[in-house]
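Annotated features, as they stand in Swiss-Prot:
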DOMAIN    85-352  domain 'Calpain catalytic'
ACT_SITE  C156  active site
ACT_SITE  H309  active site
ACT_SITE  N325  active site
Amino acid sequence: MPTPCLEQFLHHLEKSHLYLSIDNTKQAKKECLESIKILNSIAKTTPLPEIKVLSQYTLNHYESLDKPRTISDKLEWISSKLTQETFFPPVIQFNENFTSHNELFVDTISPIQDNDNKIFEKLPNKLAKFEYIEISNWDNDITHLKNLYQDILPNCSFVSSFLAIIDANIPIIDTITPQKSSQKYKVSLRFNGALRNVIVDSKFPIMPNSRNLIIKSYSDTELYWPALIEKAYLTIMGNGYNFSGSNMANDAYVLSGWLPQIIKLSNGQLPSNIDDLWRLRTQGKVTMGIGTGTLSKQLSSQLHLVSGHDYVIDNIKDGVITVKNPWLDPKDRVVEIKNFNHFKYLYVNWKPDHKPYQHYFLYQAKPNTYNQPQFTIKCMEETWILLERHLSETSSSPSPHWMDMNVFETEYKIITPSQYKKYLSVETNNRLQLIKLKPGVFTIVISSNKPCRFTLSSFNAMFSKSKYKYDYTETVNGEWNSDINGGNWAMSTYINNPQYDIIAKQTTELIMGMHGQGQINFHLFHSSSDSMGERIQNFDKTKLINYQNYNASYQSSSYRLTPGHYKLVVSEYYRSIGTYQLVLNSSEPITITKIPPFLGLYNISKSFNWDNTNRFKLKFETTGYNSKVKIKIAYFNGESDFELQTSYRPAMRASLFNSQTKQPIQINEQFNDSLYGVFLHEILPSPEEYILLIERFEIGYGRCVVEIGCNNKVILK
């Protein structure tokens, strides 16, 4: 018999695709050759016209096995595996009219493997037992289909979606093959980015009383084929008949592929375009449903509405909505609604007008905008964009899983959220998110709180991975720690922040972005070649290229750099400890080098109190020749380790003498009251003892800290 052989042929072909997706080319070839072997066997005995089409497809597939595959192509097949045991392959298009959903690929005699039914081992009702039902009634009469209802199983969203699809004249029966008595069936559902085949049998949980765990029609009790679609749906949801619910927009998408839109209702107001939506509904271009919020039992009884329940919209006229309850109870089957305060969501599913352009991608939860997946799209006219988070083994996890879509009006990759004008932003814990873009060029940034797989689909325009505006990109990771966290520029410790040398050898356009913890900022200063490797010693506004306010978590700025040297200082307003990341995107190559955080290779410090004096001598000894000494003198009013710009501080100066000869080495006559301290730099030619003379303009009190850094060891005397 050819049918079982074709089922086996398809099984090996699908396995070949799956192995190829995980880069096991050897096994992919083995499976493909096995499918060719089966096909050749069938061709010798059965004159099926489809054999030629299958042969050509399989040979083409074999020839392509050594060609590289994109990650997106691989994920289409990898996403067939929701668990280790399950496999829901994409429907293969052999030619325009022939797919792997054809009944030729279903062995109607051999039963389904027991392993495929594991999720149905437990039932929500102990009285229910699985029984095999032979399905001989394949009636597609809309009258009986409109009378489908839910009973014990809390799947109002599924049943309401089914009813809405019937109202839209979508031939949902065609999702099943074969449409005759069989040991197993294929149901095609749209999930994880593709139309996929789900294999089920007709064993259903039957109750000993008149209650039901499956979808039924109260006007045709022998109509069981809708329950096959329901069983396939429950299979991919992962909990079988222990179903906890979904929403109507999601379910209608899975059943029909129509694009799901969820409109949140507030203050009892329907959207202003509700009449236009209903007009589209009457034209068969959308399906519509509505969902209640949380209602008390008393209020539910008064309103004839169910708490947290989805209804099909049956009619809209003169501000009154007629809804159909998916439950059986005839008295509450159709309800007229004038007050919408108790409804939370409007569900609209749009018939797609265009074939989607799709991209599959893996998501790893990472911080910062520039690390997120980004896609640029050019829309010539209004375009629907659908983001789908894939079903997986962890989809039913109790912890919330949200995803973000941020759309910016630019064609370039985003470094920080403030870099370009934001067009829209959506955050949702729903698995599917639909947005509409106006004509224009946009970059879409996607993020989530958990690792997962996504499919992004565009229904009227192609998109591509976003690229930075300029060709050259540098990324720098750093931190503010206990030694290097100077705070904002109004603090005396500002110069203790991380600092960098930047060199531009030619005129350069530069976009700089920064992400970090806390209120963050960066400042870029003009510098010179002779200060390479030297830290700035004050906040010199005359050399400052940019000024912007501190911002939470991110910062960005754009520059046009002329050839030269620059100093970059990154800071956190409150001197908090944390990490930061810099991204520098430039039109020409630039170099960025971190400046050492200390005065020298060897560092010592000395603290003293002024005690109503105005002079202090500090003796120290160098231990090597040509000692490059850098000295910083800082004043403090108390025990705090920083001063503010508004704090009192005396003007000070410092001079250096040879201790033995008393000859001056460096004399400074000018007093300086810089917030950031007084500095003295000198090269001491020989290892000797020296005197540092520190003076203040007037006698007084307070504390003074002297830091000495040197390329050779220095000893305080």
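Even glycines carry a Cβ here, placed using N, Cα and C.
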Need the DSSP three-state call for H309 (active site) to compare against my parser.
coil
H309 (active site) versus C156 (active site) - Cα distance in angstrom:
6
I'd like the Cβ neighbour count for H309 (active site), meaning other Cβ atoms within 10 Å of its Cβ, all protein chains included.
22
Give, as a single whole number between 0 and 100, the mean pLDDT over the domain 'Calpain catalytic' (85-352).
92
Can you tell me how many other Cβ atoms are located within 10 Å of the Cβ belonging to N325 (active site)?
26
Would you mind checking how many other C-beta atoms are within 10 angstroms of the C-beta on C156 (active site)?
27
Measuring Cα to Cα, how far is N325 (active site) from H309 (active site) in Å?
9
Simplified to three states, DSSP reports N325 (active site) as coil
Where does C156 (active site) sit in DSSP terms: helix, strand, or coil?
helix
